[in-house]
Amino acid sequence: MKVGVLALQGAVAEHIRLIEAVGGEGVVVKRAEQLAELDGLIIPGGESTTIGKLMRRYGFIEAIRDFSNQGKAVFGTCAGLIVIADKIAGQEEAHLGLMDMTVQRNAFGRQRESFETDLPVKGIDRPVRAVFIRAPLIDQVGNGVDVLSEYNGQIVAARQGHLLAASFHPELTDDSSMHAYFLDMIREAR
């Protein structure tokens, strides 16, 4: 099973390491044409506005929309969550607009307010280690979106069919459970 990690920004190598730890084949994605060979795609963190601009410049917007429209699994972490959302609070235009949710950028504060915690995640039998760095949150979800995890009453992980979103960075820990969950989603989508 080939899982790509969009290599425009973010902890690409760390995602690849965890994909491979749970039995997937990790692929560094630098060109839109590479999507054709993939079973799933991770859009990692970074800065969502910059990621959006780079996606437009390098032809990823329509390519990723087409990939998702084929029913292939997409996982957005931190800024990647913002990129796949269909609404961003305080912003007129979404980037990919794939997942029926409204998100708020930098909801957990600045860099110095970053933290780690263990979260219960629906569908995973033990708490998941989560790193929050200038993390967004999910303000609202539409019908058909399943809330997977909350932190202090705020939504931090959700799923809509073949789409998965997490406010946190699962790749910055040694906990591979979110990546295992994503690989299970890819198997379901086949």
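Cβ coordinates are placed from backbone N, Cα and C, and glycine is handled just like the others.
Taken from Swiss-Prot as is:
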type     : residues                                    : note
BINDING  : Gly46, Glu47, Ser48, Arg105, Ile133, Arg134 : L-glutamine binding site
ACT_SITE : Cys78                                       : active site, nucleophile
ACT_SITE : His169                                      : active site, charge relay system
ACT_SITE : Glu171                                      : active site, charge relay system
Cα-proximity to Glu47 (L-glutamine binding site), 10 Å cut-off, over active-site residues Cys78, His169, Glu171: Cys78
Helix, strand or coil at Arg134 (L-glutamine binding site) [DSSP, three-state]: coil
Length of the line joining the Cα atoms of Arg105 (L-glutamine binding site) and Glu171 (active site, charge relay system), in Å: 20
For Glu171 (active site, charge relay system), nearby residues of its own chain (Cβ under 8 Å, 6 or more apart in sequence): Ala11, Glu14, His15, Arg17, Leu18, Pro44, Thr77, His179
Spatial separation of His169 (active site, charge relay system) from Arg134 (L-glutamine binding site) - C-alpha basis, Å: 11
Inter-residue C-alpha distance, Ile133 (L-glutamine binding site) and His169 (active site, charge relay system) (nearest angstrom): 8
Alpha-carbon spacing, Ser48 (L-glutamine binding site) to Cys78 (active site, nucleophile), which is rounded to whole Å: 9
DSSP-derived class (H/G/I helix, E/B strand, else coil) of His169 (active site, charge relay system): strand
Neighbour-count leader, CB within 10 A, recorded positions: Arg134, His169: His169
Cα distance (Å, whole number) from Gly46 (L-glutamine binding site) to Cys78 (active site, nucleophile): 8
Annotated L-glutamine contacts Gly46, Glu47, Ser48, Arg105, Ile133, Arg134, maximal Cα-Cα distance (Å, integer): 13
Pairwise Cα distance for Gly46 (L-glutamine binding site)/His169 (active site, charge relay system) [Å, integer]: 10
